[in-house]
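A.B. asks: Just passing along the structure, written as structure tokens.
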Amino acid sequence: MSPKYRRVLLKLSGEALMGNLNYGIDPKVVQSFASEIAQVVQAGVQTAIVVGGGNIFRGMKGAAAGMDRATADYIGMIATVMNAMTLQDALEQMNVPTRVQTAIAMQEVAEPYIRRRAIRHLEKGRVVIFGAGSGNPFFTTDTTAALRAAEIDAEVIFKATKVDGVYDADPHTHPNARRYRSLTYTHALTHNLAVMDSTAIALCKDNDIPIIVFSLETAGNIYRALTGEPIGTMVGGSCEIS
């Protein structure tokens with residue numbers, strides 16, 4: 001099947017990069033993700049990525065342990081750059097041209113985030129990985145994904161996680177939890193569903209950017225989502241709740 005979208009933003013959780021490890025980065029998992037992303041690029045789809053840092057450091061946990069919240073968030077932003085560089089290396093080993101742009105200047109290892117330059121890279125067929133979050137504390141990488149998607153005019157956000165969609169309750173603690181096939185932004189917000197944080201969902205709603213939540217643990221899911229195959233959960237303004 002041919003791709004349904006021309007330009008996409010993929011949100012990868014940091015935890016997904018751990019694989020079965022308790023901490024850090026599993027190189028085999030990164031290589032697997034890179035292979036799937038390469039397939040998307042080879043299909044001619046312009047691909048941007050926002051990666052989290054929770055496999056290395058999570059600002060909220062640091063703050064809960066007594067750290068200054070802003071300081072903890074900045075450390076978390078640096079963790080996302082480590083993940084971005086790791087993914088860049090894996091992609092370039094597969095001959096996929098990739099650029100890392102960071103919201104905090106790190107000129108020795110990455111370009112600064114410049115919207116027009118990012119779009120130009122995408123138009124030239126390069127993958128762009130956005131690191132360091134939005135550059136501001138108190139904002140999640142989910143919100144960064146929504147922000148960058150709006151800025152680069154992405155048609156959809158793919159949120160690839162360890163869960164196969166959005167449920168009406170935590171499936172780990174509620175065996176009878178029901179997975180949604182589709183739902184609206186408003187329903188996700190009013191019922192506090194675990195799609196993204198509320199700021200990110202509101203930003204997607206305001207800019208009419210659909211979100212597809214699916215599991216990365218099934219090989220080929222990124223491409224399936226790209227072709228419009230019904231996997232995971234679709235969140236959008238005109239979606240039926242089902």
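Cβ coordinates come from backbone N, Cα and C, glycine included.
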A.B. asks: According to Swiss-Prot, LYS11, LEU12, SER13, GLY14, GLY54, ARG58, TYR167, ASP170 bind ATP; which one of THR47, THR161 is annotated to that same site?
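C.D. replies: My reading of Swiss-Prot gives THR161 as the candidate in that site.
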A.B. asks: Using only what Swiss-Prot says about UMP binding by GLY53, SER134, GLY135, ASN136, PRO137, PHE138, PHE139, THR140, THR141, identify which of ASP73, ASP164, ASP168 is listed for that site too.
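C.D. replies: Among ASP73, ASP164, ASP168, only ASP73 appears alongside GLY53, SER134, GLY135, ASN136, PRO137, PHE138, PHE139, THR140, THR141 as UMP-binding in Swiss-Prot.
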A.B. asks: Among the binding-site residues GLY53, GLY54, whose Cβ has the fewest other Cβ atoms within 10 Å?
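C.D. replies: Comparing Cβ neighbours within 10 Å for the binding-site residues GLY53, GLY54, GLY54 has the fewest.
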